[in-house]
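These come from Swiss-Prot:
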DOMAIN    4-170  domain 'Thioredoxin'
DOMAIN    163-247  domain 'Glutaredoxin'
Amino acid sequence: MLQDRTGSRVPQVTFHTRSGHEWVDLTTDEIFAGKTVVVFSLPGAFTPTCSSSHVPRYNQLVPMFKEHGVDTVACVSVSVNDTFVMNEWQKTQHADDLLFIPDGNGEFTEGMGMLVEKDDLGFGKRSWRYSMLVRDGVVEKMFIEPEVEGDPYEVSDADTMLAHLAPNAPKPMDVSVFTRDGCPFCVMAKEALRNAGIDFEELVLNEDYTEQTLRAVANAVPQVEVNGELIGGSEAVEGWLKERASA
């Protein structure tokens, strides 16, 4: 039976981490004392949902969390993996702004009442998927995935946590910019977005996508897409930004 530990202190645990070529012990007091921390925990590094959805969205929303008073966003990928696995996973996720914490012995997870058996998958003991908001070592809110078969991912996501922390905060936009090297109009579009304070992901022709992909969208770069809607090239972006500013 999973435990909702809202109102309780987090377990006192020492995590054994690896930094460079040295072992570094990290205590829960060092992570949580006097700080506001968002924690999300998951079954395992490099697993599908964790790698494609859970970690990337928290990583994307780190600036939003910090804007609303969060000191640290921790993937206590208390996924019951060791520090070597967690360090490599962090690299592949390009998630330097997240704190990846290995709970190799499952002590923190067990203390949180979230340790479950995954023997049917050959995983052994793992963390159930959940997230929590912790202030000065005390759990203020937990979002625990329902106890159903499979790997539910309904309430522990970054957007749910952000909505709890800052209900009136505007939802961040998902912006992609398709570019190519040496394109001055691409530079203009990116600069316009930066000046408007809009974060975006850049996709470079022949590195991140092909001519065939571009032709499916348009005949030239740059192309800017926002929340699934194609805005267009640099002039269209300027017009969209002006319209947005006057709204």
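From the backbone N, Cα and C atoms, a Cβ is placed for every residue, glycine too.
For the domain 'Glutaredoxin' (163-247), the number of residues in each DSSP class (helix H, G, I; strand E, B; coil) is 35 helix, 19 strand, 31 coil.
When pLDDT values are averaged over the domain 'Glutaredoxin' (163-247), the model yields 94.
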